[in-house]
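Here's the structure we're looking at; comments come further down.
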Amino acid sequence: MWPNGSSLGPCFRPTNITLEERRLIASPWFAASFCVVGLASNLLALSVLAGARQGGSHTRSSFLTFLCGLVLTDFLGLLVTGTIVVSQHAALFEWHAVDPGCRLCRFMGVVMIFFGLSPLLLGAAMASERYLGITRPFSRPAVASQRRAWATVGLVWAAALALGLLPLLGVGRYTVQYPGSWCFLTLGAESGDVAFGLLFSMLGGLSVGLSFLLNTVSVATLCHVYHGQEAAQQRPRDSEVEMMAQLLGIMVVASVCWLPLLVFIAQTVLRNPPAMSPAGQLSRTTEKELLIYLRVATWNQILDPWVYILFRRAVLRRLQPRLSTRPRSLSLQPQLTQRSGLQ
């Protein structure tokens, strides 16, 4: 409970914002348009994925399973959080009036963490899958690859949900954020707030860093095979180039959208003197920066499906005609196998 002398739940902090200021900041039309575009983009990507998964190889089916999990996560994230935010912007209700017990705030905090961290963890899982598929093509049974991919997606969801539930167990707190239309982790100086903020930002940052490292090795391996001595006979298949292009696009989008928010959270909870006063108040500058970084991060849910839609072979062939003229039945796996045998 914040020392504000009221009987409100622990999710309410002093924000000192007027109704007129909320109307200027919280536009229901912008929020609704943002959600509609995002939901339509993810539905389009899911429909394209449904067609692409028919008749594909085991390796490609495994990768498409991860993509399906990623797009589904983005779609559900926009649907759940968008419903709450658009409703608040349209009605301009006072959060403490409709949710004095903080149940809705805690729910939104959990889903914000869950749907924020899941795409980053899925990106790292996809990078690991492609790294093993390119550098160790025969290290895992192909028949079980799709089943294992779904199991990995489920494990990622479970890990993200477990992290999101920590504030309900006393590690960190979820509070209503400026301008009073959403809930997120608390950027306070208490040990639980600091630990939870650092854990979220570090897991997200490590996921992006791992994706960058593994994707760099995978691309370097593909380039080595492409320009090797046997390049004329054994080049990467179109599907392998397509998957790496999509994965690199997902990594770039995640880095641009999420790293600013993750760095801001870590810097704010470690700030000395603390950014939050003992009464639970942040400076208006800090509150606005958090809102801006959060809005940038939410663009990840719109851009992810378009990475898959635009980086398909049908589009890549228009940009690089050589993809449609060279043999498509050859793979880089024989050359990688030959190299490993020589070692």
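Each Cβ is built from the backbone N, Cα and C atoms, and glycine gets one as well.
In Swiss-Prot, the cysteine linked to Cys105 by a disulfide bond, out of Cys35, Cys68, Cys183, is Cys183. Going by Swiss-Prot topology annotations, Gly133 is found on the same membrane side as Cys223.
For the residues Ser324, Ser329, the entry in Swiss-Prot flags phosphoserine at a single position: Ser329.
The transmembrane segment (194-219) shares more Cβ pairs under 8 Å with 247-270 than with any other stretch in the list 67-87, 107-128, 150-172, 247-270.
Taking the Cβ of Asn16 (N-linked glycosylation site) as centre and 10 Å as the limit, one finds 9 other Cβ atoms among all the protein chains shown. When the stretches 30-52, 67-87, 107-128, 150-172 are ranked by Cβ pairs under 8 Å to the transmembrane segment (247-270), first place goes to 107-128.
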